[in-house]
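> Take a look at what Swiss-Prot says about it:
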- Asn338: N-linked glycosylation site (CARBOHYD)
- Cys480: S-palmitoyl cysteine (LIPID)
- 505-525: region 'Disordered' (REGION)
- 1-19: signal peptide (SIGNAL)
- 20-459: topological domain 'Virion surface' (TOPO_DOM)
- 481-525: topological domain 'Intravirion' (TOPO_DOM)
- 460-480: transmembrane segment (TRANSMEM)
Amino acid sequence: MLLQVILLVSLTAILPCTGQFPLYAIPDKLGPWSPIDIHHLSCPNNLIVEDEGCTSLSGFSYMELKVGFITTIKVSGFTCTGVVTESETYTNFFGYVTTTFKRKHFRPTPESCRKAYNWKIAGDPRYEESLHNPYPDYHWLRTVTTTKESLLIISPSVVDMDPYDKSLHSRMFPKGSCSGASIPSVFCSTNHDYTLWMPEDSNSGMSCDIFTMSKGKKASKGGKVCGFVDERGLYKSLKGACKLKLCGISGLRLLDGSWVSIQNHEEVKWCSPNQLVNIHDFNADEIEHLIVEELIKEREECLDALESIITTKSVSFRRLSHLRKLVPGFGKAYTIINKTLMEADAHYKSVRTWDEIIPSKGCLKVREKCHPPYNGVFFNGIILGPDGQVLIPEMQSSLLHQHTELLESSVIPLIHPLADPSTIFRGDDEAEGFIEVHLPDIQKQVSGIDLGLSEWERYLIIGISAIILFILAIIFTICCRRCKRRKKIRTDHIELDRKVSVTSQSGKSIPSWESYKSRQGHSRS
C-alpha cells in the first residue's frame, strides 16, 4: 500500500498544475523479446486503491463473468420451416405420364419441430427417408396429386441473448428481437411466417453459461464489507457499486464495470438502465481525482481490447496499444514479429510532449536513441507509416486517421441464411437451395377424368363436339327420312299390283293386263 501511495504521489508531482493526465508513457528500458500465447496477455494494474480501514480479510467464494463475456451470449439453435411438396401426375390417352413438382409453405408447430430435430441429430432412418420427394401415383386419363408435409431443419442457427432481460436478438427475428420466448415452450417467430427458431437444448432452455466460480478474500470493517481481493490478487472496492441482475442472478456492478455475485449488507440502490456491464457512465462526484478517472477509463478500454482479442482470436496493433503501462513503473511491452505475438519486460517513463519521443521523422526515441522497427512495426501498437512517419494510436492529430488495423479478425461468425437479407425468398421454389428436408405423412388426391387440356382448349373441343353432334343428328334425321320414304314406295307398288288385277268374261280372275291380253287372243283364235 505504501508503494502505491508513493507511486500515486510521484505521478501527481510530475504532472502540471492543471491536473492533466500524462500525454504518454514509453519504455526507457526494454528487455529481450520472447514469444507468448494469446491467453497470457493481461492488462496492467495502473492503479490499486484500497479502502481505508478495511483490513479484516476472510476467504469466500463468488461468481464472476467468464473471460470473453461481451454483454451478449451466443445461443445455439435451429430453424424449422414447414414445406408442402406436391407432385402432380397426368396420364394421357396413350399412357404417357407427366409429373410436375411444386412447393408451398405452412407454419409448423413447436412440438413437431422438436421431434424432427431429434430425429435428425439421432440419425433416425425416418429422417433419411423423409428427404425424398413424394412418390407420384398415376391413373389413366386422370390427374393425381400427391402431397407431403415437410419440416425443414437448419442447424446451427446462433442468436444473441441479452443477459439483462434474456431477450434474443438476430436479424432473422421481426424487428431484430424476440422477447416472448419462455421455458419450456421456447420458440421465436422469424421474418417468415412459415419458419420458427428454437434452441438446440430443450432442457436447459435459455440458461446462461457465462459465470465462473472464483475464490478471493473479503475485506470488511466492523462487519461491513467494503471490498474484496479477487482471485488474481486485484483489490476491488464496493464504493459506488449498484445492484444488477444478470440472467436472474443478483449481484453488484462495480464502479469499473465488472460484475460479481457478492452481497453487501449495506443498502445498495439498483443500477439505472444506462449502467451496463463494462460500459461506464461516471459522474464527476464519483471520481475524487481526474487521474483516477483517466486510469479507470484506460483500464476499461484495455479490458475491452483484451476481451476482443480472446473472443475473436485476433490481435491487431491497435489493440496491443491498450495493454501498455499508463504510468511510470515496471510493466510489459508487446509487439508482433513474423506474425508471432512477442512480449518483453519494460520500465516506463512519462512523456509530456510528442517531441520527446519523436524528435525527427521516422525516429522513435527509446533509451536516448532511435529504436529500430521490424518490418515497419515498433511495439505497443506503434508502427511506421507508408510515408515514413511514426504513427502512435493515441496521437491526437491527422496521423491518427492514417493508423489502420493491419491484422484483421481471423474468426468469422456463422450467420444463419435467414439472417442474411440477400437470401430472403422471392418465391416458393427458392427455398430448395439450402434447406434439408424432413417429410412426415403423404396425402393423395385423384381427380376426375382429365384430358390434360387447358380451359380454353377444353371449351373449344366442347363447342366443336356439339357442332359435330348436331351435324350427325341432322344426317341421322335425313337418313331416317329417306329410309322411311323408300319403305313407303315399296308398299305403294304392292298395293298398285293388287289394284290392277281384272275379271274375265267367264268370271275368272286375271292377275294382270298381260295375262288378260294373252287370254283374249287365245279365245279369238
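Here the Cβ of each residue, glycine as well, is placed from N, Cα and C on the backbone.
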> Give me the count of other Cβ atoms within 10 A of the Cβ belonging to the residue listed as 'N-linked glycosylation site'.
8
> On the 0 to 100 scale, where does the mean pLDDT of the topological domain 'Virion surface' (20-459) fall?
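For the topological domain 'Virion surface' (20-459), the model's average pLDDT rounds to 73.
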> Could you find out if DSSP has the residue listed as 'S-palmitoyl cysteine' as helix, strand or coil?
helix
> So, three-state DSSP: helix, strand or coil for Asn338 (N-linked glycosylation site)?
coil
> Measuring Cα to Cα, how far is the residue listed as 'N-linked glycosylation site' from the residue listed as 'S-palmitoyl cysteine' in Å?
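The residue listed as 'N-linked glycosylation site' and the residue listed as 'S-palmitoyl cysteine' have their Cα atoms 109 Å apart.
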> So if I measure Cβ to Cβ from Cys480 (S-palmitoyl cysteine) and keep only same-chain residues at least 6 apart in sequence, which ones fall under 8 Å?
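None - Cys480 (S-palmitoyl cysteine) has no non-local Cβ neighbours under 8 Å at 6 or more residues apart.
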